[in-house]
Amino acid sequence: MDLESIPGVGEKTARALAELDDPERALRTGDVAAIANAPGISRGRAARIARAAIRREHDDPGGFLATDRAREIYRELLELLADRTVTDYAAQRLETIFPSPRQSRIEDVRAFAADALEREPNPDVLDALEGVSSLDRPRDVRVRERCLATTDAERYSEAREAIPELSVEIVEDAQGLAELARGYSTVVAIDESFAGVTVEGDVRVEPDALETPAETVPERPLAFFARNRDAITAAIDVHRHAGLETDCDLEGLEDALSRLETDGTVAGDDELDRLATAVDDLDAAVGTAESVANDHLREAIREEDVTIEGADLLSLVERGAGVDSLLSRELSDEYAAAVTAAREHLIESLDLESGEAEIARRIFADEPTFPVEREEEPLGRLREELTGARERRADRLKRDLAADLADQRDHARQLVQDALEFDVELAIARFAADFGCTMPEFVWDGEMRSGNGVSGDDDGVSGDDGVSGDNGVSEDAPDGDGIDADAGPRETGFEIEGGRSPLLDEPLERIDPVDYGVGGVALLSGVNSGGKTSTLDLVASVVVLAHMGLPVPAERVRLRRFDSLHYHAKTQGTLDAGAFESTVREFATLADRGAGSLVLVDELESITEPGASAKIIAGILEALSENGATAVFVSHLADEIREMAGFDVTVDGIEAVGLIDGELEVNRSPVKDHLARSTPELIVEKLAEEADDEPIAANGGDVRGESVPGFYDRLLEKFE
Ligand SMILES: Nc1ncnc2c1ncn2[C@@H]1O[C@H](COP(=O)(O)OP(=O)(O)OP(=O)(O)O)[C@@H](O)[C@H]1O
């Protein structure tokens, strides 16, 4: 893959990406965490690069989310999804799922989401996911006691590249190897020409050392597994609890990991532990053994009556002999017993084996002395013997474990990757369960009724979706092959059944399901607080999620593929002349090029005076209708706009079905082709009914009825 062909990836970034283990996989799967492992690339940047790579793959020009409110809706939905992830990876990976106008992209994610919906989140899996994180590649492994040696400059560069953990030295000949062996514990000669050469020291001739890095530097796989042990172990748990399929031998991997300490050394080997403890405890054990001997001897001397003939004493004194001679003469048995006790103590406390015990015995000499003291020379030899054995053992174990683990590296990577992806799937499954979602049904371009829809030479409705650098719908976006005008207003736009907006701050069971569908252009009227804005939010959420390839919060949804979403939220108050002008300009662009777009507008009338607003909105609707956009305009001026519009614009209505204890009771599903009565109308109607129901009291006590006969009816007539 030519990394530089990804929009936004220059030479420097491409070089950084190339350092990843598998940049193509990371980009293809949107593995933001892996991309962010490339030097100098932040997580935010990584997400942008991943999105750009996906866009390029699907020829997606970007800019689906064409307005601030559309982007806001996407962000809020993303947050709801991210709230349901356990790992950072999954939250970042979700950032690479964005609404796209491209069928191929939508279908890719739909396939993934369909699998996700089969997932059952269970608490054990969620717990295990807490421990899973993206794998780290340790870059700081340096092995100082081993080096590679070559006579060849080219081979030298190759070796440095392949095995950066070891120093690579250039030598002239075998003599050079011998010199190196004085500075390094092990020298690995990598030239064929050294075959058969024997040099003093640990010099190995391994011409294929560069091809078998796990053997040349077992520290590499060990460091990788040590660094990532917890994440891999947690990923194993996730697989077990979730019953995920894997080619990996989970027990084998778990067993190998249990033999690894966090510092990359091998754990759980009794013999290595014995040798390590013996080396560590050697001095202390020898000291104790000396005390054992001396205590023993002291006791013996104290209890012994030494009888010595005068002549013997004289001869001893004349020879200048010390007490040692006396000991050997008179207390040799006791001395032997004391030394035996010391040796036994030493051998037992260090758990020495026969060869080692043999050397250990010599630490306490047979010739009697008092106090009994260690012999330094055999002590040094024992130390050397034990240290050598410990190192050989550790080295062998390291190599064996590294060989076991090196083969498992790819499996482990896959295991962790699958666990992390599983978290993404679970988040989608939980989102779908929490908001009662189903997969929407798309009516793709080829399946739409052909008609006189204006084909779009769409080249960009301005607006940055905050996701891509690209704006708008590009020239190569498919034609906005619009809607068949002859087919009436209800041909394919969107059709929602039982939709519940995930953006409402209410528990799911308190949200009334909404049915609503629009093909072409519609006005949405309705009582105050009837749920008009929430309906637009629902439509926007459904359309955004559907174009992300995800399930939507409704019992059933059918929709066309849109090129972009233009959602204009309610403006707060009248706009000044400049802001008004720019809003009108925005709609001019949209009316001109917005075929294939979904346009949602909330109470545009507040931008200017009511009379003018109705005219402007009517004009915008005409243009949108002509070019085949799908649009819903929420308005309290629906009636006036309908009057002004030069075509038969559909007016739908969110109706209050009545007033209960002064509160409106609303049917949240807009009624098609029905101008909803306004709240004031309902209140006047209620007053009129009450006045009719209550006869005027004889004493004129009913102030309402008496003082304003027919007043409410008169008001009511004005609404007709
Ligand atoms: N489907 C629904 N189920 C339950 N409650 C809802 C639903 N839709 C809206 N509501 C409630 O009604 C309130 C008002 O909704 P919304 O703001 O969408 O009404 P509106 O018709 O746009 O109001 P206005 O005319 O004042 O702009 C919401 O805050 C929410 O509490």
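For all residues, glycine too, the Cβ spot is worked out from N, Cα and C.
These figures come from a predicted structure and were not determined experimentally.
Annotation comment: TrEMBL describes 448-507 as region 'Disordered'.
The compositional bias 'Low complexity' annotation in TrEMBL covers 464-474.
Marked as domain 'DNA mismatch repair proteins mutS family' by TrEMBL: 519-698.
In sequence order, Ile654, Glu655, Ala656, Leu664, Val666, Arg668, Ala676 constitute the residues six or more apart from Gly530 (ATP binding site) in its chain with CB-CB distances below 8 Å. Under the three-state DSSP scheme, Gly530 (ATP binding site) falls in the coil class. TrEMBL lists Gly526, Val527, Asn528, Ser529, Gly530, Gly531, Lys532, Thr533 with the feature ATP binding site.
Annotated ATP site Gly526, Val527, Asn528, Ser529, Gly530, Gly531, Lys532, Thr533; additional same-chain residues within 8 Å of its Cβ mean position, judged by their own Cβ, are Ser534, Ile654, Val666. Just so you know, the Cβ of Ser529 (ATP binding site) picks up 14 other Cβ atoms within 10 Å once every protein chain is counted. Listed binding-site residues: Asn528, Thr533; maximum Cβ neighbour count within 10 Å falls on Thr533. Within 10 Å of the Cβ of Gly526 (ATP binding site) there are 29 other Cβ atoms, across all protein chains. Neighbour counts were taken at the CB atom with a 10 A radius for the binding-site residues Val527, Gly531, Lys532; the maximum falls on Lys532.
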